[in-house]
């Protein structure tokens, strides 16, 4: 699947919403002569490198071929502007050239272990319509599946033998064209190229970079080790201090792939591999039935005798039992999001740099003060996964903190906005390949922030060579010169920049806000505009066929828009319009002066035209009464229709014509498979294949109509958001392209009905309110720059790649996330830190042109132990999920599954062979990666990739869409849900937020073993929450929280808790409300009993338990150990 189409849904900040600034003009980010990051470099480690899978057993994960696409990575800087005086922003708007098309289509695979092949990063899209500007070479709309049967995410040109699916993490996609066929299985083990995830609980070891205090004549970033006492190698790790020569370890052949190793195979589905170390736990098998109540306190991890409850591992030596890492319990954020925000503050921090002296990013001996302690860092503590049962921390995992000097760390970018899979960057590509972990960035660039410094200046200071915006990590050689932290050019400080508007002082450029904040927003001057900033324009395209009217969605939509019409972001220029359609297209003349709206019907859907082009999009302020009249009459206008056909394609063409002159947002509501005119589709789903253990078909689009139209839309600054409300198959794999390539979002409400599914109605109402009122950026573009020597080769999200590194975002919203894969093209030997900068240029709903800039600084290290110590297990899992979605579409689901499994095998093999100095029995992992196998298993059982479990095709494709465009914090809940016991909530350790007391129960492992018939449990799975009631649940909880006298009285379709005036009710509702407040979408609540129809969905999220088609967590660990010890 091409990485060109990315979802742009990425913000969830709880801070006050930030008024959108002007959308960025494509021109502003136009490439200038100067910098271009090429992408030809030595082969990177791709987690999805091919490996020959072992013969699959029943329910195994088949592997399939995966072919990466050549990366494009030229870097185009933008003209610098620099000076800090407030100037009225001017913003010109220039429609960008039509985007080239990128093949991609989400699909929803079933649960068998798939290999992941090298994901094609962005293949140059083919522009649907001609447009000025540089064009990428056309690529096939849907590239043929590679002939390589690989599951690795990267391809190793030097390895001619075929390999099992695995990833090539850090390598640019190979040149386009079918790869040489690799039919022969690899002779030796090929390491998967997937980056292991790192747990954020342990701090990474200090970086090996040293800063010299004197301004270097030329920046020589030599990787020296952090200051502090040198640590002798420990017996387990041989952890050498950065900068020192590591002691001889079990040497690995220079080639990371050793032909002598047997190929990896898919995990068996049958009984666990022969390991008779200790008898398995006794007791009846744990299926979906509720187990008898555990003897220990329900909900708390118990180290007790392993054989006591189902799910325990064989008996462990006393020292290995129950070693969970303590976690910070004070953060008010949701577990999945709490960590990232804690160590970082967005408030301006004092810049610890003497005027005229070198900046913190300059080499200085201060880095030497960061030493490794004399003991192994917590991140590298050896964990035997087969013996430590309770690995899941009781609190959410924080993001690891990069090992930087204190003055740099406290001004670094918030990990909720900008996060790397490795917080310590390897010096060379070969070192990165040896670590077998993916290198990439996860961004949430337009996130709602509570604190955002905004600068108005006629001069925006940028590097004259690479166009990097001045930031906290540049070096000031003196008051008049600064050195760029990306290309190292020395630039002059403009006169205007000498004045600090905050302190009103002169002569201290290093104290300016731009040099004190890693995230900042500029109000752009006129040179960042090609045309006047566009107004906020909103066009609603509504399905009014018989099927649509039956669902009742039209009433909810019209009422929500009526209630929130005054909150639509915009100014006095805001325009709105409406189109409805069934077998014909209906326009609405809302021109000022009419006594009522006028409907105009166009029945010639083959040659669509606009009946009255000037009165279909109207000024909202001038015509608000007519708009309100239309919204009140629409639901009744079609209530008796018997028209069953849907001409969606023609309606989209009409909407495109209407929006093309200005750009804007198109909101499309569809309830069935389009079956008339252009873009008509036929059902491709075979309901009998939903639970197939074989590869899933039809994950790619059936037609390129929607992709081509999306590219046309992108070229005219139009984004399309799709709301799919249907109980039948709608081919989301095809329809989703309209949003993916135009930087829109997809909302999916399966089985939506206003009477039969009230929980979905509540979700739709809440989501619609957020959608209508949240901030929005128009005509935006985003560019990611990185320090010389690094290059970006693949993007994930919803967008169109306009010119190798420039993402076209006709709309950007605060709920859209993006990911990029990176590689190391030149050795970073002389560097101690590297930086990454994301610049988002957009037009706000108020018509201002704005630039939001995020800068992240990370240390460079030269030892494998440092790389592992800085691994971010959640970021790695999130990036692998994006890569696996692409692999599923371009190769096969089984290939993606195998590649994910191989990612865990490869990283743990590398750790065992290259970091551990003393070999020990067991499945060993560093503490920071202890949850990596669990997250990989969770992905294999996730709706996107599972096999053997009945999964509707649209449900699977939507789950894949979410993994690609949700910010990491929300995606992780969809991968590994959070489980809490909530029938015994107390105020102990509670948070106090806005005079509300929020209980903080501990996280439980996802196993039936943790459930108790005497208790009640809440599972937060991201988009849905399940409240499971035990058969013998405490009557006090039933009456005080649910308002029912007994278990038998709990209603079957309960989806909200009654507001009772009891302490228990208030605590429970406060906790659930707090969890919901952490995300921008609204998760529905399902109260379930043993007899409930939702019980199966609840039990499928018990990731650690075995199912008919998937291994238990313990069996999966045994499979990994078997592959690693081959």
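Just so it is clear, glycine is given a Cβ too, placed from its N, Cα and C backbone atoms.
A quick note: this is a predicted structure, and the numbers were derived from the prediction, not measured.
Database features (TrEMBL):
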- 1-28: compositional bias 'Polar residues' (COMPBIAS)
- 53-71: compositional bias 'Pro residues' (COMPBIAS)
- 72-94: compositional bias 'Low complexity' (COMPBIAS)
- 131-147: compositional bias 'Pro residues' (COMPBIAS)
- 148-158: compositional bias 'Low complexity' (COMPBIAS)
- 208-217: compositional bias 'Low complexity' (COMPBIAS)
- 264-295: compositional bias 'Pro residues' (COMPBIAS)
- 320-332: compositional bias 'Polar residues' (COMPBIAS)
- 460-496: domain 'Zinc finger Sec23/Sec24-type' (DOMAIN)
- 533-772: domain 'Sec23/Sec24 trunk' (DOMAIN)
- 777-861: domain 'Sec23/Sec24 beta-sandwich' (DOMAIN)
- 872-972: domain 'Sec23/Sec24 helical' (DOMAIN)
- 999-1072: domain 'Gelsolin-like' (DOMAIN)
- 1-335: region 'Disordered' (REGION)
Worksheet entry | Contact between the domain 'Sec23/Sec24 helical' (872-972) and the domain 'Zinc finger Sec23/Sec24-type' (460-496) (3 or more Cβ pairs under 8 Å, separation 6+) | no
Worksheet entry | Secondary structure composition of the domain 'Gelsolin-like' (999-1072) [DSSP: H/G/I, E/B, coil] | 24 helix, 12 strand, 38 coil
Fill in: Secondary structure content of the domain 'Sec23/Sec24 beta-sandwich' (777-861), with strand meaning DSSP E or B
0 helix, 59 strand, 26 coil
Worksheet entry | Residues in the domain 'Sec23/Sec24 helical' (872-972) grouped by DSSP into helix, strand and remaining coil | 71 helix, 4 strand, 26 coil
Worksheet item: When the domain 'Zinc finger Sec23/Sec24-type' (460-496) is classified with DSSP, how many of its residues are helical, how many are strand and how many are coil?
Response: 2 helix, 12 strand, 23 coil
